Amino acid sequence: MAKHKIDYTRENGLPVVLTTIDKLVNWGRSNSLWAMNYGLACCAIEMMATGASRYDFDRFGTIFRASAKQSEVMVIAGTLSKKHAELARRLYDAMPEPKWVISMGSCANTGGMFNTYAVVQGCDRIIPVDIYLPGCAPRPETLQYALMILQKKIRREKANRNQLPKRLV
């Protein structure tokens, strides 16, 4: 029990608020990201390793979800073929706003070594990408670092309920 009564209010009786609602909402958003793993090739193995006990993605507040309707972050890991492009777009459209996309690996970024008619040469041609992870295949630490960069990006954004969806120009 405290022996002294501390008055945290001003003379008006109103408490002092030292933050903005944007910072509070963005802090909550950045520390509880639910990711949908869209693993297509070798990079998916490294992405699955981030959820294991050695790297422990959960300590950053990120939980992998199987449903697009419960996810805020989409991690595209691997070669995106033209057959998968329509499905990837539908899954992206099913995600609630605000939503972010991480493109993981050279194949997801640029098509990789597969320069054929059946491979999309970069998933940013189908959906807007926020963070690109280079490498073949990127290590789990790289995905964790990308998540921390995404958290910083979310904290800087303006928390607006009437956000316009991201569009490709």
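One is the number of the first residue shown, and numbering goes on along the chain from there.
A Cβ is built for glycine as well, from the same backbone N, Cα and C atoms used for every other residue.
Annotation source Swiss-Prot lists [4Fe-4S] cluster binding site at C42, C43, C107, C136, citing sequence analysis. In the structure as shown, the Cβ atom of C136 ([4Fe-4S] cluster binding site) sits within 10 Å of 13 other Cβ atoms.
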**OP:** Look up C42 ([4Fe-4S] cluster binding site) in the DSSP assignment and reduce it to helix, strand or coil.
**Re:** coil
